[in-house]
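One structure below.
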There are 2 protein chains.
Amino acid sequence: MTTPGAGASGEDDLIARYFRPLATDPGAFGLIDDAALLNHTGDDLVVTTDAIVEGVHFLPDDPPDTVARKALRVNLSDLAAKGAVPAGFVLTLALREAKEQWLTPFARALGEDAAVFGCPVLGGDTVSTPGPLMISITAFGRVPPGKMVRRSGAKPGDRIAVTGTIGDAALGLRILKGQIEGLDTSSREFLIQRYRVPQPRNALAVAIREHASAAMDVSDGLAGDLAKLCTASGISASIDLMAVPHSEQARVLVTKGSSSIEAIVSGGDDYEVVCTIPENRWDSFLVAARQVNVQVTGIGKVETGAAAPRFLDAAGKSVTLKRLSYSHF
Amino acid sequence: MTTPGAGASGEDDLIARYFRPLATDPGAFGLIDDAALLNHTGDDLVVTTDAIVEGVHFLPDDPPDTVARKALRVNLSDLAAKGAVPAGFVLTLALREAKEQWLTPFARALGEDAAVFGCPVLGGDTVSTPGPLMISITAFGRVPPGKMVRRSGAKPGDRIAVTGTIGDAALGLRILKGQIEGLDTSSREFLIQRYRVPQPRNALAVAIREHASAAMDVSDGLAGDLAKLCTASGISASIDLMAVPHSEQARVLVTKGSSSIEAIVSGGDDYEVVCTIPENRWDSFLVAARQVNVQVTGIGKVETGAAAPRFLDAAGKSVTLKRLSYSHF
């Protein structure tokens, strides 16, 4: 981002008007420099980058405030899974036009989330595009040296836990697409909100760092993401499908036959954390999670071998999932 | 970026095939984790982000290898201006489709530049878009604590220097748009290449850090960018237009009347550095620049006051520039 002044342009004005008020961190230099600064604190820096595209990750008529929150929170969710404490972010905003009625609520919500999650805007770039709106965010988190939680540390015997509830967001998207009808208004709103505004589990980051052997963000479907964690750790897993936590609203839809537990574990956009916890840390992990008010649920165990994770039904029978996760290509 | 394996998807395959071979830095974890790591070294981290969009920052038929180099180099140029040594980058690649004949040369060139500039790929995100291709890069550089070169340190009496030559890239773009004809092939190729493949001055970063009172990357036109530096430093400047360095190829076009010195100082895409050097450091700065083989040219002086920088012609008369720089909105 660049500064307005003698050489002010439309882009500079846009930045000055909407984003400078958010750039309160000293490392952002009020967005009047070529770069931002993350100063040396003795910690390692965890870096994650995730973009959201109109029509792909959010819908053209999603409210601008929810688009802002989603853009930042999908990145915060990665930091949480790595056990990192947010340190700031930079964004690239590709816009067709600079519309005040869109930018004002977008910037306001971004600033609110930056404050709530302690993750200040440090800089960015605005570009014009004739195509769909796109927001690409790179977020930074701090961990003590060597303490980032990897995908690769799971060991046979570890318990597998997920945060929150799984499947709500994918159902919310189906509602917005008109594929699910007959729900009461409050259930509709709940599931749509779960799609539009993820609830990243940053409050749990320190507990994950202290207790988890491996962790990752669940964004493309629990089944597919867990398979990736297994591959990275060189292990397998068994999951009790009946134990996978889902909301009351999702349960109603499964009971009515509008969804299924298989669809729930392979839907995307959850932005929860799946992690593996050594048996002897399990109780302490539960206590730590309770202290920060984040729901965690044991859903299975890490097993030896390189086979794909098994998903077991109520009778303990392995269920074959047709689709593990969402893919862009 | 995510890993292929049991849950492999098209996106994972794309990353594994084209980008994993580039991810040789230990902090990239082979692109099989949610995040990358910049480990603690005692330095401050300089963070810059710049995106390039097809049809805006590069042309639809620009070769993919030049698009890759431009995407990374516009960010490297910011690091150079801040006196930072490259530490790595993450990218977001928004693609309409995953075409091998485009991705292969793109990834190869990106890897070559990452190696040449010592700026390894650490991670990223690939997304599909129905719109124009876009590459957003966030790059990191290291400086000793407190040593990032700001835009705001220029003092009256400092000399103003620019690297390389100014105006070539804007002429190259005009050639590609068919607005300039009658040039010999090698001049055409030279100017087009200056548009497509910036030459960031990272070799000069340490000299800038040691000698400059202020510096910035020249990307939107020298006149407008210098005005921003003046605003940030609370100073004014006088520039000798005749001293602004331009290539022999640009000189020919000015002589023929196909361009003008005013157009040269307000064109964009130079990706050179403008910096201010205290008088007593000038000779040392020139020696340091010569040692790393980067051309630097004195073009004027910092002056007191808050007026816009003055651009003086051969007679010492102030010239009014119609346009200072390029703007997206």
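Note: Cβ is positioned from N, Cα and C throughout, glycine not excepted.
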Candidates A:ASP217, A:ASP220, A:ASP225, A:ASP240, the one TrEMBL lists with A:ASP34, A:ASP78 as binding Mg(2+) 3:
A:ASP217
If one measures from the C-alpha of A:ARG151 (ATP binding site) to the C-alpha of A:ASP50 (Mg(2+) 1 binding site), what distance in angstrom results, rounded to a whole number?
18
Output the one of A:HIS57, A:ARG151 that, of all these binding-site residues, has the highest number of other Cβ atoms within 10 Å of its Cβ.
A:ARG151
Taking only the binding-site residues A:THR49, A:HIS57, A:ASP217, which one has a CA atom nearest to the CA atom of A:ASP34 (Mg(2+) 4 binding site)?
A:THR49
Confidence summary for the domain 'PurM-like C-terminal' (A:155-305), mean pLDDT rounded:
96
Entry from the binding-site residues list A:ASP34, A:ASP78, A:ASP220, A:ASP269 having the most other CB atoms no farther than 10 A:
A:ASP34
Secondary structure tally of the domain 'PurM-like N-terminal' (A:33-143) (DSSP, helix then strand then coil):
35 helix, 44 strand, 32 coil
Can you give me the same-chain residues 6 or more apart in sequence from A:THR49 (Mg(2+) 1 binding site) with a CB-CB distance under 8 Å?
A:ASN75, A:SER136, A:ILE137, A:THR138, A:ALA139
Of A:THR48, A:ASP50, A:ASP78, A:ASP125, which is closest to A:ASP217 (Mg(2+) 3 binding site) if I measure between C-alpha atoms? They're all binding-site residues.
A:ASP78
